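Annotated in TrEMBL:
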- 50-67: transmembrane segment (TRANSMEM)
- 99-120: transmembrane segment (TRANSMEM)
- 126-145: transmembrane segment (TRANSMEM)
- 133-272: domain 'Fatty acid hydroxylase' (DOMAIN)
- 182-211: transmembrane segment (TRANSMEM)
- 329-352: transmembrane segment (TRANSMEM)
- 477-582: domain 'Very-long-chain aldehyde decarbonylase CER1-like C-terminal' (DOMAIN)
Amino acid sequence: MATRPGPLTKWPWQWMGNFKYLFLAPAVLHTVHRVTTKGWGDLDPAYVTMLPALLLRMIHNQIWISLSRYQMARRKNVIVDRSIEFEQVDRERSWDDQIIFNGLEFYLAYAMIPNVRLLPVWRTDGAIITVFLHMGPVEFLYYWFHRALHHHFLYSRYHSHHHASIVTEPITSVIHPFAENVVYFMLFSIPTLTPIFMGCGSVLGVVLYIAYIDFMNNMGHCNFELVPKWIFKAFPPLKYLMYTPSFHSLHHTQFRTNYSLFMPFYDYMYNTMDKSSDELYEKSLKVTDETPDLVHLTHMTTLQSTYHLRIGIASIASKPSDNPVWYSWMIWPVAWLSMVLAWVYGSSAFVIERLQMKKFKMQTWTIPRYNFQYGMNWGRDSINSLIEKAILDADERGVKVLSLGLLNQAKALNRSGELFITKYPKLRVRLVDGSGLATAVVLKSIPLGTKKVFLSGSTSKVAHATAITLCEKGVQIWIGDNIDDKQQQRAPIGATFIPTSQFPLKKIRKDCTYLSTPAMKIPQTMENVHTCENWLPRRVMSAWRIAGILHALEGWETHECGDDMMDIEKTWTAAIKHGFVPLTKG
């Protein structure tokens, strides 16, 4: 919200949450009724285009969102080198509000303006009029309206909501209070409705103009520079007709410069052009990929994990993956398609996240394979090849530590990474399976005074180390990573289940306590954290991943692979020293 919210800041359907799409239900039902009663032949081009155009807008925006987040993770051509936190993700999760609003506008225009029903697919003269109307009235009126929004009265009541995002993302472009969007609708109606009233409008003219607005909005807020210099050299006047991401980024960091919509000539005309615009543009184009100090190598889990990636859908990624969203059933074909493409074309790990703690830079790389593929015997060699390629790439780039997450360290796959250090004895990057810290977290999770421990169905390094370290201390504690339903049913009432693997147990008992997989809360000094690690809560990280961070922070020179394990107390002490907190505390 704005710092001092004014009238009409909230969207009319904000109280409905995810059910806000019901506002479009009448339009959908009307279309279904027309098709079933009169057939497709009764539908004119404008009516047929309305709902598909909204869907294409969402796909277009999502492509920009994913591209921007991927570039941010790589730190390539990044403009503003600052972090994004959960607060911004939560504020910007309503980016689809304006699409719902536009859908209602389209439908009302169709119902109230007779000319809309007669629109042809294309009219060149109408498209030319649209171009000139945008360059003239729209750009001019927007410039002065935007300057007015930066007056303290309107800024505190409306526009400060948009400017709360210093580090912009494509979706930042449409995060405005409702009242602002009403004004923007009125502005953008000038080039769309005028040709219609003049009798020279067209369906494609409207669709392409809206696509242009979306394209420029997304590009201007993507926080990485992508406009090449040769474009301006080939056509110098273009610098007055098209802004760049770095140009608009300065508006979000300096606030009182670069007010133009998409065409900077009004900033040149009224002397509000930021003098560092050209310098920042040149600088941003020179920024290359970042070499992190440590890499966490994970993989996809379920089909739905496609959405849970930071480069997927931010609102999903900002919550634990075991919190299903209502619309996941609608987009499962996309997840299935991405799985097929990853299987066929996924030849290397890709960057999905970039974190920073103090002066240490961290990245998360993902192997393009899913849980079920790790269980196929015939696919192990190809998966090991992908892991090996990632390790060698990290080694070549000078990465200090690489931690193996989830099934990338499976004993049956590569013996917790021992396969690679045996094959490459001169490997400079340190491989860490995190078993020492994971064991420490399991041991610290056992209540004081426990006399007996039941270790069930696990032969992992963590379970083995736990069994050796523990004295029998409890009656109602079951520890294991493979406790089936029958074993859980045999546990006494009030038993506590403590997983020793990276995968959570299936909860079938309401009269027992289920603890998280070994994990800890991360310190506030860790920045750019805006996603949840699989099923873990916000700002909670798995012990295996934390172990890699500790290796880098402490400068430990040993591998933690195969049968080798870091000293349990040593890793626990280091974790506490660097601000990691047990889940049962703080």
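Using the three backbone atoms N, Cα and C, a Cβ is placed for every residue, glycine included.
All annotation found in TrEMBL is predicted automatically rather than curated by experts.
Keep in mind that what you see is a predicted model, and the values were worked out from it rather than measured.
The transmembrane segment (126-145) shares more Cβ pairs under 8 Å with 182-211 than with any other stretch in the list 50-67, 99-120, 182-211, 329-352.
Under 8 Å from some Cβ of the transmembrane segment (50-67) lie the Cβ atoms of residues 24, 27-28, 31, 95-96, 99, 102-103, 106-107, 110, 169-171, 207, 210-211, 214-215, 218-219, 222, 311-314, all in the same chain and six or more residues away from its ends. Counting same-chain residues at least six beyond the ends of the transmembrane segment (99-120), those with a Cβ under 8 angstroms from any Cβ of the stretch are 11, 13, 20-21, 23-24, 26-27, 44-47, 50-51, 53-54, 57-58, 61, 181, 185, 193, 196-197, 199, 201-203, 206, 210.
Secondary structure of the domain 'Very-long-chain aldehyde decarbonylase CER1-like C-terminal' (477-582) per DSSP (helix as H, G, I; strand as E, B; remaining residues coil): 28 helix, 20 strand, 58 coil.
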